[in-house]
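Noted in Swiss-Prot for the protein shown:
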- Ala2: N-acetylalanine (MOD_RES)
- Lys38: SUMO2 cross-link (CROSSLNK)
- Thr44: phosphothreonine (MOD_RES)
- Thr47: phosphothreonine (MOD_RES)
- Lys52: SUMO2 cross-link (CROSSLNK)
- Lys52: N6-acetyllysine (MOD_RES)
- Lys85: N6-acetyllysine (MOD_RES)
- Lys154: SUMO2 cross-link (CROSSLNK)
Amino acid sequence: MAQDQGEKENPMRELRIRKLCLNICVGESGDRLTRAAKVLEQLTGQTPVFSKARYTVRSFGIRRNEKIAVHCTVRGAKAEEILEKGLKVREYELRKNNFSDTGNFGFGIQEHIDLGIKYDPSIGIYGLDFYVVLGRPGFSITDKKRRTGCIGAKHRISKEEAMRWFQQKYDGIILPGK
C-alpha cells in the first residue's frame, strides 16, 4: 500500500530472523544423546549444548538434572540456510497454530536425513524441532546489560505479521489450525 504511492517502507519495520533454535530431545542420557549431538554438529557446524531434566518423572525413567536433550542456536545466513532446508522437508506448509502470539514460529521434522545429511548406521535417525525467533531492528535493546529498554507495542511482532512474512518470503502455505 505504501509502495503504490511512491513511498518507501520504513526499514526499521522490516522483519528478519533473529535466531533459529534446533532441539533434539532423546529423553535419556548416554549413547543416544551423544549421537544426537553429532547430528546437530553435522547440521550446524557448531558445538551443541546439553539440556537437563527439570524434575523427576518416574514413569518415563527420567531423573532430575539428568541430561535428556541437546540443542543449538544458529544466527545469520547459516540460520536462513538451515531453515530453508527444514521448510523444504515440510513442503513450505505450516499450521496456523505453529505461530505464537509474539510472532515466532516452530515446527518439527521426523527424520534428520531429509535435510541432506548422509545416513550413518552408527548414528541412526533422529527427529528434530525448529523454532524461529523473528525480530526487527532495535530489538537488541532488550538484550543489552546496561540501560535495557522495552519494545513498544507498535514495534512488537504480531501473529498475523509473522504469518504474512512467512507467506511472502518463502511462498509458504498456512493451513488452518487443528
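Cβ coordinates are placed from backbone N, Cα and C, and glycine is handled just like the others.
These numbers come from a predicted model, not from an experiment.
A simple Cβ count within 10 Å picks out one of the modified residues Thr44, Thr47 as the most packed, and that one is Thr44. The distance from the Cα of Thr47 (phosphothreonine) to the Cα of Lys38 (SUMO2 cross-link) comes to 9 Å. Here the C-alpha separation of Thr44 (phosphothreonine) and Lys38 (SUMO2 cross-link) works out to 10 Å. Mapped onto three states, the DSSP output places Lys52 (SUMO2 cross-link) in strand. Of all the recorded positions listed here (Lys38, Lys52, Lys85), Lys85 has the Cα closest to the Cα of Lys154 (SUMO2 cross-link).
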